Amino acid sequence: MTIGIIGAMEEEVELLKNSMPSVEEIVIGGAKFYVGEIAGKEVVLLESGIGKVNAALGTTLMADRFKPEVIINTGSAGGMAEGLAVGDVIISDRLAYGDVDVTEFGYTYGQVPRMPAFYQGDAVLLKKAETIYREYFAASENKAVYGLVVTNDSFIMRPDQHETIRTFFPDVKAVEMEAAAIAQVAYQFDIPFLIIRAISDLANQEATISFDEFIHLAARQSATCIIELLKTI
């Protein structure tokens, strides 16, 4: 089994890359692929670049060239739900776009025409993650949360951005910039997927300072969770 893992930034894939005993690097169209093993599993690790287009391009290349049987997305996110703290982990059971509006044609806000309104994480992978992280976080000050993640091509920090997202997605748990695009490509290629992100900021007016300070913590938390998950796949 080949497992695809995708992170947008170097910081988000560094720990995973360093976990590979040997690595083959392949660059296609600016997307950086690292081929090796993690926890005894054959892995293709992608540093896609930031944003939906980069994520979709990289995921498509991964699906076409490397034929992964599972795709997992790692990285950071901005917390939107009450009670979330930096270092908490969000496991997404649903994903949506927060900046797509074709409602004039009868689509749900966030829905790309002829695509689902929400992309569902793989039920088997979600169950594995739930079991693992219940034990992993039992003695931790951080926690794992399950729910809706919303993807935007903007870094969310302003009150007006918050208001728009909460208006259309009142149960949103976190926001970020790639996951729904990855999920859409996985959906179109019929590849099971799971999104695991760690909170780097609280998507407020201090978010840029928090992100710069805590991106490495969030990346480490997310990557560590994925390594634990790989042991069970």
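A Cβ is built for glycine as well, from the same backbone N, Cα and C atoms used for every other residue.
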Of Gly40, Gly49, Gly58, Gly78, residue recorded by Swiss-Prot at the substrate site of Ile156, Met177, Glu178: Gly78
Environment of Gly78, Ile156, Met177, Glu178, the listed substrate site - residues of the same chain whose CB lies within 8 A of the CB centroid: Ala77, Thr151, Asn152, Ser154, Phe155, Val175, Glu176
Residue among the recorded positions Glu178, Asp201 whose Cβ has the most other Cβ atoms within 10 Å: Glu178
For Met177 (substrate binding site), nearby residues of its own chain (Cβ under 8 Å, 6 or more apart in sequence): Ala8, Ile50, Gly51, Lys52, Ala55, Thr151, Asn152, Asp153, Ser154, Phe155
Lowest local Cβ density among Glu12, Gly78, Ile156, which the record lists as recorded positions, within 10 Å: Ile156
